[in-house]
Amino acid sequence: MGELKPYLAMFVVQLIYSGLTLLSKAVFNRGMNTFVFIFYRQLIGALVLVPLAFILEKKTVVSVSLSFSTFCKIFVSSFFGVTLTINMQAIALVYTSATLAAAIVNSLPASTFFFAVLLRMEKVHIRTKSGVTKIASVFMCLVGVATLAFYKGPQLRIAHYYNDKSPHHEDHFSSSKRWVLGSVVLFMSVIIWSIWLVIQVDPLVLHISAIPTYAKQVLVYKFIYAHTDPKKEQAQILKSYPAKLKFTSLQCLSSSIQSFCIAIAFERDIEQWKLGWDMKLLAVVYCGTLVTGLIYYLQAWAIQKRGPVFPAMWNPLSFVISTTGSIFLLGEPLLLGRSELQCFGYLSLFIIYKYI
């Protein structure tokens, strides 16, 4: 039974991540403002993480003072690595589908590797088998993402449970311009994620707990620490700020402050800020507690038990769950041409994980 625990943990992680995408799409279809949603999500996440950080690290971590320069680094890192990207993804989700969001976000490894090579932070030996495979895989993935944005295959509609109340729901699929716009915004968020990862030179900012998704956790190990001594890097990080969970909670708290400023600037209608006992409240509580809190521990535990590549191998499962849920729960059409291309893209991602 003990050997099955990492597999069960990763299955739960994929279920939670798929639920994040599906619930977010559902409340956006019902008219909830994306900026307000992200603010509530980050706020609840901070309310969950901050007490846990002080309780769990009270005895295990020595008292450390947080300097102003360190806090500024955390605050800036939170904006580009968390606030900006998740707000862009939320906007893109309104104009596209949960299936496409799951597919494009998982192109992060290919995008990060591309910029790492472009900025000469990762070496590729084009005369070797692994080097050629890396380049071909990245090219396959990026071309697949571009095709997903501009190609629309035949639709297959299936009877579904969820009855969308938004009159604009159908427009998101009937308008090619909306779909392309959403796809571009979604991919731009992935590019920003990638550049944010690659240009980090401060070990503090690169700490594993600072990365908001487990895909980034894998990337930090695979791309940044590939040719370094992990123990040495860890020592440098702990020297800067050893409280891992406190560091994560500070990022989440900073992101909630930033998200509030963005939300209040774009949404002044008080009705949009009200939460009742409905799906909107369920979505923000779900994302703030399970996605921000529970997944952090499951990912860290799985990486410790099976290594950093193990969680990444489960990425296609979230795509399958999101696709199934979007069809039967949200009533989104199955775009046959795009589905094959998404499977093709995951093949290239598997090759990247294997050879990098």
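Every residue gets a Cβ built from N, Cα and C, even glycine.
Heads up, TrEMBL stuff is auto-annotated, nobody curated it.
So that you can see what the record holds, here are the features copied from TrEMBL:
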| type | residues | note |
| --- | --- | --- |
| DOMAIN | 6-133 | domain 'EamA' |
| TRANSMEM | 7-28 | transmembrane segment |
| TRANSMEM | 34-56 | transmembrane segment |
| TRANSMEM | 68-86 | transmembrane segment |
| TRANSMEM | 92-119 | transmembrane segment |
| TRANSMEM | 131-151 | transmembrane segment |
| TRANSMEM | 179-199 | transmembrane segment |
| TRANSMEM | 281-300 | transmembrane segment |
| TRANSMEM | 312-331 | transmembrane segment |
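Confidence for the domain 'EamA' (6-133), expressed as mean pLDDT, is 82.
The stretch in 7-28, 34-56, 68-86, 281-300, 312-331 that contributes the largest number of Cβ pairs under 8 Å to the transmembrane segment (179-199) is 68-86.
As a summary of secondary structure, the domain 'EamA' (6-133) carries 99 helix, 0 strand, 29 coil according to DSSP.
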